[in-house]
Amino acid sequence: MNNTLHIVGGGMAGSEAAWQAARLGVNVVIHEMRPKVETFAHKTGHLAEMVCSNSFRSDDDEQNAVGLLHWEMRQAGGLIMACADAHRLPAGGALAVDRDPFAEAVTRQLLDHPRISVSHEEITALPEDGHWIIATGPLTSSALGQAIAAETGAEALAFFDAIAPIVYFDSVDMDIAWMQSRYDKGDTEAERTAYLNCPMDKAQYEAFIDALLAADKTEFHEGETAGYFDGCLPIEVMAERGRETLRHGPMKPVGLTNAHAPESKAHAVVQLRRDNALGTLYNIVGFQTKMKYGAQTEVFRMIPGLQNARFARLGGIHRNTFLNSPTLLDAGMRLKSRPHIRFAGQITGVEGYVESAAMGLLAGRLAAAEMRGTPLSTPPETTATGALITHISGGAEAKSFQPMNVNFGLFPPVEGLRGGRRGRKDRYKAYTDRAKADWTGWLGQTALDAA
Ligand SMILES: Cc1cc2nc3c(=O)[nH]c(=O)nc-3n(C[C@H](O)[C@H](O)[C@H](O)COP(=O)(O)OP(=O)(O)OC[C@H]3O[C@@H](n4cnc5c(N)ncnc54)[C@H](O)[C@@H]3O)c2cc1C
């Protein structure tokens, strides 16, 4: 067997993938372009540099999906979690990390590993053969980005995300909202009722526009451009262009009849579209935004029907290179058109340090197991890692695919439990108990430490 795994990008995902594969007995070369070639966000030549916040978010593995992902990576002997734990800072229930010592520790452990070497070079083309993982992240260099786009088709590789907020279906007030597609379009009942609609009268609409205009917004990072604006204006920018703009755009009320009050004509309607096959998540159509997170929850809960909404993720617009993974990748994270190449990390359409590291962990194990001739199945979708890979490799709607954080909306429901806000604590505990048992079972199949 050709026993070298090449990993492009030594960030969160590439570092974890290298560690996992090396522990499985595979030789690894990490190709990392920094410090020779820089990005606008990275400041050092370390592997696994945290480019912005120093938080790995919640560390609660019973009630929080990110905390569960921490737990799963710790159980799998993850390097990123071990170094984060070693350089933890006080932060209540969150896992905050002392960023420089953390990145230095990851770098040192990788360099010290007898099966891992690091080559500081930019990879600019897709490899023709061998075993590869591409984990070049949101700021993939432009030459490699172009090479990927040439392989996948330009429309399947995005350079910016435009994320509309995503709401848990069970937090929508269905005494106010109703299901209907505009003009009842569609051949089946499911298509004719594909959208969730939230009606506004004139006073509610005017108050909503005022709140949008007044809300705190996030500035662009240096080096980001606003060149994406043509196709996906943030809603607050649309509102700035004119108070009626949204009513003629994503909030137009035409072709819809309020199921709760058929005679009353809404002044504006907010539509939500199903975001995953499970039907647990809905995104607010056309509501990409640069509003700060606190402002978003306040403003979006002004929408009738969403007054108690819980958000699986809030909106954002960032410089972000990512694949349309649901169409391009198989469940083993391989590029369907070139199966000797896997993708991992944020470029696969997950978002955040933790999710990216988890996708690296999985890609490293899958690649190494395949190279050793003992291919591994992907973890069950009841686990946090499995829920994420299931979502990006097919569970998500390909047409509107945008990067995703881990959240309980990605998990298959546990039957027989109370829904809504009241049942949440028991429900989340049931999800995490089930995930832990299933992850332990999956890890047991890999016999990783035998190597
Ligand atoms: C401005 C900005 C702010 C962010 N803030 C946060 C935050 O606060 N919290 C959070 O959780 N996430 C944040 N993210 C997302 C975060 O960066 C990612 O979730 C995480 O780092 C992704 O891990 P990764 O391994 O996929 O990519 P990265 O960690 O970015 O690693 C990719 C590596 O690939 C290298 N590389 C790129 N192209 C090539 C090439 N052609 N050849 C060789 N090497 C290459 C890069 O130098 C880099 O080291 C932010 C992203 C950006 C851009």
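Just so you know, the numbers here start at 1 and follow the chain as drawn.
Using the three backbone atoms N, Cα and C, a Cβ is placed for every residue, glycine included.
Caution: TrEMBL annotation is automatic and unverified by curators.
According to TrEMBL, the feature domain 'MnmG N-terminal' maps to 5-374. Mean pLDDT of the predicted structure over the domain 'MnmG N-terminal' (5-374): 94.
Feature annotation from TrEMBL assigns FAD binding site to G9, G10, G11, M12, A13, G14. For G10 (FAD binding site), the same-chain residues lying six or more positions away in sequence with a CB closer than 8 A to its CB are A18, I30, H31, E32, R34, L47, A48, L110, V118.
On its own chain, G11 (FAD binding site) has L47, A48, E49, A135, T136, G137, G345, S356 as residues at least 6 apart in sequence with a Cβ closer than 8 Å to its own Cβ. In this structure, of the binding-site residues M12, A13, the smallest number of CB atoms within 10 A of the CB marks M12.
Apart from G9, G10, G11, M12, A13, G14, the residues listed for FAD, the same chain places the Cβ atoms of I7, S15, E16, A17, E32, L47, A48, A135, T136, G137, A344, G345, S356, G360 within 8 Å of the centroid of those Cβ atoms. In sequence order, I30, H31, E32, I134, A135, T136, G137, T140, G345 are the residues near G9 (FAD binding site), counting only same-chain partners six or more apart with C-beta under 8 A. Sequence-distant contacts of G14 (FAD binding site), defined by Cβ-Cβ distance under 8 angstroms and a gap of at least six in the same chain, are I7, V8, I30, E32, L47, I133, A135, T136, A344, G345, G360.
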